[in-house]
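K.L.:
Starting off with a structure, shown below.
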Amino acid sequence: MVGEGPYLISDLDRRGHRRSFAERYDPSLKTMIPVRPRARLAPNPVDDAGLLSFATFSWLTPVMIRSYKHTLTVDTLPPLSPYDSSDINAKRFQILWEEEIKRVGPEKASLGRVVWKFQRTRVLMDVVANILCIVMAALGPTVLIHQILQHITSISSGHIGIGICLCLALFTTEFTKVLFWALAWAINYRTAIRLKVALSTLIFENLLSFKTLTHISAGEVLNILSSDSYSLFEAALFCPLPATIPILMVVCAVYAFFILGSTALVGISVYLIFIPIQMFMAKLNSTFRRSAISVTDKRVQTMNEFLTCIKLIKMYAWEESFINTIHDIRKREKKLLEKAGYVQSGNSALAPIVSTIAIVSTFTCHIFLKRKLTAPVAFSVIAMFNVMKFSIAILPFSVKAVAEASVSLRRMKKILIAKSPPSYITQPEDPDTILLLANATLTWEQEINRKSDPPKAQIQKRHVFKKQRPELYSEQSRSDQGVASPEWQSGSPKSVLHNISFVVRKGKVLGICGNVGSGKSSLISALLGQMQLQKGVVAVNGPLAYVSQQAWIFHGNVRENILFGEKYNHQRYQHTVHVCGLQKDLNSLPYGDLTEIGERGVNLSGGQRQRISLARAVYANRQLYLLDDPLSAVDAHVGKHVFEECIKKTLKGKTVVLVTHQLQFLESCDEVILLEDGEICEKGTHKELMEERGRYAKLIHNLRGLQFKDPEHIYNVAMVETLKESPAQRDEDAVLASGDEKDEGKEPETEEFVDTNAPAHQLIQTESPQEGIVTWKTYHTYIKASGGYLVSFLVLCLFFLMMGSSAFSTWWLGIWLDRGSQVVCASQNNKTACNVDQTLQDTKHHMYQLVYIASMVSVLMFGIIKGFTFTNTTLMASSSLHNRVFNKIVRSPMSFFDTTPTGRLMNRFSKDMDELDVRLPFHAENFLQQFFMVVFILVIMAAVFPVVLVVLAGLAVIFLILLRIFHRGVQELKQVENISRSPWFSHITSSIQGLGVIHAYDKKDDCISKFKTLNDENSSHLLYFNCALRWFALRMDILMNIVTFVVALLVTLSFSSISASSKGLSLSYIIQLSGLLQVCVRTGTETQAKFTSAELLREYILTCVPEHTHPFKVGTCPKDWPSRGEITFKDYRMRYRDNTPLVLDGLNLNIQSGQTVGIVGRTGSGKSSLGMALFRLVEPASGTIIIDEVDICTVGLEDLRTKLTMIPQDPVLFVGTVRYNLDPLGSHTDEMLWHVLERTFMRDTIMKLPEKLQAEVTENGENFSVGERQLLCMARALLRNSKIILLDEATASMDSKTDTLVQSTIKEAFKSCTVLTIAHRLNTVLNCDLVLVMENGKVIEFDKPEVLAEKPDSAFAMLLAAEVGL
């Protein structure tokens, strides 16, 4: 209601003058009009609402009715109000935050103080509404109930008019109370949503301001933007409520003292004593929650790593290791959650416990002092204490909100005070100079704000937000710095690039080469401004485009990935597609360039991802191009086409910096730089450097394969065949080679071309509104997970006994008053008069007192037992569901991970687990307490005043209609909110992956804009969901006000046969029921909504189909299998899913034991699919693979995969130590580890690290270069001692020299093994025994490389010719 308009983001106008009150609060003042005269066309109906519509949530009624009649979707709901939008509120919050920092500095700045300033006007208005509500709430039970009871016990029945007036007054106060209460929540919800969107947007903007991230982990960011932002939402809702407690306590204390005397102070004291106890419990809860959140971050981070590295984990059969790791972390998390749960459960139970203790102690003390007590006084005090119970009842909500918000604000402040370093990039003075580095010495940024990390964690974690699945994460621009390991592991940052000096003029092509870890990618990072300049100058002129070493692909279609926010120009776009060799790929995709690319490009091959990344750069039409090894993932034909058509022709006149390991391309560069150990070793033209016969010339000789068996003869033959073919023919072949099938190692959709304007069935499955609908099966699953029906029944019994004891105490007091009071009613002159003896009888044996005190003790005892039992049960359920879902997902086939976005899975394991761990128990506990209290109230009222049930039955029809509409609407809105959260999650993770690319193309604003759109969409659905709860609550309250009025009339007008104590009990209970019934229904609905998370997890338990494990057949497999390593494919066919084309079609081949086979073919020919088949990541459509006379389908998956070894195309390292990455199972000695490190030329690098084998490996292994990561993966493979080795482009990220050394190592280390090598660089397969050439999933050639090279029409000879011709 109250707040700034969408364009008034501060109190000052552009000239610095303070805005007038009317200007700042114009929208809010319009809302103050009781009834707006006519409907307007605001995007959100709340902006057209008058005060009555706003306070009663009537503006939401059309949405509720629509939800009952039709299924709601994201598109059918109105958008978020502009006044509540991310953009406006983030700007306003930022102004206040900057003022705070300017005033006290970043370290002393209080984010909590800024939050208060941001919402104080609205909070004050909320408090005013709450105070008015509390005054009305206290007035009814204290004054009016007392007057009504006094009236019926001491006044003759002839004065009916007074009784009716008192009843009308009671109805008025109760109705006004619920109206002010609804108004307070209406204000609160919009306040909370504004705070949520403001801070989440500001956090995201701040994270995106960094070019590299060093101060936060991936697990933290997911938790902060999901759980923490929601914690602030709840804090904004509940924190203002305690402000009314002092007023309520004073009013009730004064009146209690007035009607009861000094003994009323006993009950008041009980409340006052318990309030600091709750505050202490809040502090304790905050401590436990803070500890639990840090463990949750670790679990989410490890889960993220698992999901993004799932392919390698499956190939290495490490599922059990990861399951144990996750389960161990979960156990630690559960222990901390248990402690927090005990405290929280105690807080929740305090309301009924404190109320009972206060009432019992007050009356017991009163009676022992032999003070007089009548029914009007007793039940007025009870009604008043029940009103005071509100102060204790709301405190658990407020305490929990404050505890969690304090933790969240601390985490958020850490992000907000972190500032990106100033840019060191300057502008060259000469306009013809595009790049200028003069004596530039650079280092990686020192990590900050990670106090929790051990000293060894001072390693430079340069952009820890990227996904841990290396083949899918975005930028490897900072990777080549492993050679500087001892320097950047030290306490202060040391240089990685030393005294770099060179100049690149406009239109020139600079080639950069060097060994693994020499600093090539670091140099690109330096040009992007991602490092720290220690000395010298780095000058860059003009806008640039950047192609990272491993392509960043975001979720969207191909065209969106290429355009990257630029306007579509058909001619320019088609040309870009052609020169990047994508035309045939797009034609074969089911929807052309409108085909949806799965998250991280899951349905594309590595070469396709890289060419789309290159196409994005070409289409951007920039002056400077930084290309970090863009052609390593494509074969020779495609590489030649792209280099000739794209880099040499299309980019002619542009300035290009090309980092490459494919040294044949350097001949065409205007200048070449050779890096070694972060320094320029040689610099000049290709010709000059060759004439110098230095290190560069040696690298070129390595390229020519002088170490291979007679490769010169093979090359010479290929060259002869090349000369026979015209250049035009070769170019045409190169274009045709630009993409046969779409997907290599991933699933193709279909070969049939479909209308690109109507994509109907894309790869990534979207969540439907029906997913997550809560049914009885959901509760059944949850109950079974919690320990079974017996355990759940015992927990319910404890709730029953606790609330029953509380209700019994009040009922027993009524009995006591009934028996002990001498009330004589007689008819005199047609009037009924009652005289009361105001002293209680039968106190000498103290039976009534003892039973009364026993009821208090039982409430306390059952409350404590219930708290421990309920917390253990709910956490057992959430942990059981977590483990079951994780175990199901772990064993799902790769197709599941290809079609399910990681953002959606992370949503399940972060936000949904937070719901099950914390929020569901909290709501469920309150609901069960309220439910049993409602039941006991109805039972007692039926016993003492049965006519009340007739009144309730009369309004039951209206109640059921409301409930039906409400239940359906809330369920629909919760589904929509869940669905809209997943794209928001995916965008966050995708943006952090592509941080370097986003900055290079200057698309930060576009990325933030999309975040705001998705954030607003999800927040609007969250707001609608919560408003729907209040929509129902208000209408239920009004119904119960009518019931209260009717009961009050019946009490006033009823016959004298019903005792005064029964009437008093009925009135006090009906007042309590008036608010309690709607709270119970609403809390129950909220609890059911929280069960949506359980249902979403249950769906994975039911729908995740495990891989076909096929256990051993008895006697079919020897213990030492495979002993030889012979592989036979028999008529083998494979497709990724039903109704999709075959990716391997009728393979028949035999590979003898100990042979080395090079597998080559164009992009998408099925090379990587061969590896998927061998490891049974995909089951065959028909045919068999036989290894040493054993059909692999008869072997258990774990047994099969542990016997084979895969060295992946993209290196995968996990967070941990070097030792853990080499030997996760801990089954090898240190000596064995050093031996394999020496054989892979990594021993010296690891020896330089302070911790050596125990040195930390950061997320994605980013403290090692890509090449070094690959060498570590090679060392890992050597340890496994397998008879069959598959190398999938394993040396693509290595320079030719290291490649040569590694190839010789492979030949020596695996000489008794069968080795299959998938490669694009043909020099890596020339020394193989056999070469397997694939095309369209079929074997087209299979022979010795020299034999195939001598055949002029062989496909292998054409591939060689293309490479040699470069």
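Counting begins at 1 with the first residue displayed.
Glycine is treated like the rest: Cβ placed from N, Cα and C.
Sharing the features that Swiss-Prot gives for it:
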BINDING   GLY514, ASN515, VAL516, GLY517, SER518, GLY519, LYS520, SER521  ATP 1 binding site
BINDING   GLY1161, ARG1162, THR1163, GLY1164, SER1165, GLY1166, LYS1167, SER1168  ATP 2 binding site
COMPBIAS  474-492  compositional bias 'Polar residues'
COMPBIAS  726-748  compositional bias 'Basic and acidic residues'
DOMAIN    123-404  domain 'ABC transmembrane type-1 1'
DOMAIN    459-702  domain 'ABC transporter 1'
DOMAIN    792-1089  domain 'ABC transmembrane type-1 2'
DOMAIN    1127-1361  domain 'ABC transporter 2'
CARBOHYD  ASN439  N-linked glycosylation site
CARBOHYD  ASN978  N-linked glycosylation site
REGION    470-492  region 'Disordered'
REGION    726-749  region 'Disordered'
TRANSMEM  125-145  transmembrane segment
TRANSMEM  152-172  transmembrane segment
TRANSMEM  235-255  transmembrane segment
TRANSMEM  257-277  transmembrane segment
TRANSMEM  349-369  transmembrane segment
TRANSMEM  377-397  transmembrane segment
TRANSMEM  788-808  transmembrane segment
TRANSMEM  850-870  transmembrane segment
TRANSMEM  931-951  transmembrane segment
TRANSMEM  1038-1058  transmembrane segment
K.L.:
Could you pull out which residues elsewhere in the chain have a CB under 8 Å from any CB of the transmembrane segment (850-870), counting only those six or more residues past its ends?
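P.N.:
Same-chain contacts beyond the ends: 342, 345-346, 348-349, 352-353, 356-357, 360-361, 363-364, 794-795, 798-799, 801-802, 805-806, 808-809, 812-813, 816, 921, 925.
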K.L.:
Count, for each of 459-702, 792-1089, 1127-1361, the Cβ pairs lying under 8 Å from the domain 'ABC transmembrane type-1 1' (123-404), and report the range with the highest count.
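P.N.:
Per the Cβ under 8 Å count, 792-1089.
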K.L.:
Determine, to the nearest whole angstrom, how far the Cα atom of ASN439 (N-linked glycosylation site) is from the Cα atom of GLY519 (ATP 1 binding site).
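P.N.:
About 15 Å separate the Cα atoms of these two residues.
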K.L.:
Using DSSP, would you call GLY1166 (ATP 2 binding site) helix, strand or coil?
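P.N.:
Reduced to three states, the DSSP call for GLY1166 (ATP 2 binding site) is coil.
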K.L.:
Where does GLY519 (ATP 1 binding site) sit by DSSP, helix, strand or coil?
P.N.:
coil
K.L.:
Please identify, from the recorded positions ASN439, SER1168, the residue with the sparsest Cβ neighbourhood, meaning fewest other Cβ atoms within 10 angstroms.
P.N.:
ASN439
K.L.:
Tell me, by DSSP, whether ASN439 (N-linked glycosylation site) is helix, strand or coil?
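P.N.:
Going by the DSSP assignment, ASN439 (N-linked glycosylation site) falls within a strand, counted as strand.
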K.L.:
Specify the count of other C-beta atoms within 10 Å of the C-beta of GLY514 (ATP 1 binding site).
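P.N.:
Other Cβ atoms within 10 Å of GLY514 (ATP 1 binding site): 29.
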K.L.:
Find, among the binding-site residues listed as GLY1161, GLY1164, GLY1166, the one whose Cβ has the highest number of other Cβ atoms within 10 Å in the structure shown.
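P.N.:
By the 10 Å Cβ neighbour count, GLY1164 comes out on top.
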K.L.:
Given the binding-site residues ARG1162, GLY1164, SER1165, GLY1166, LYS1167, which lie within 10 A of LYS520 (ATP 1 binding site) by CA-CA distance?
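P.N.:
Those near LYS520 (ATP 1 binding site) - Cα within 10 Å - do not exist; the answer is none.
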K.L.:
Taking the Cβ of LYS520 (ATP 1 binding site) as the centre, how many other Cβ atoms fall within a 10 Å radius?
P.N.:
30
K.L.:
For the C-alpha pair, I'd like the distance in angstrom between GLY1166 (ATP 2 binding site) and GLY519 (ATP 1 binding site), rounded off.
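P.N.:
It is 34 Å, counting Cα to Cα.
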K.L.:
Please tell me which one of the recorded positions listed here (ASN978, SER1165, LYS1167) sits closest to VAL516 (ATP 1 binding site), measuring Cα to Cα?
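P.N.:
For VAL516 (ATP 1 binding site), the closest Cα among ASN978, SER1165, LYS1167 is found at LYS1167.
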K.L.:
Roughly how many Å separate the Cα of SER1165 (ATP 2 binding site) from that of GLY514 (ATP 1 binding site), to the nearest whole number?
P.N.:
31
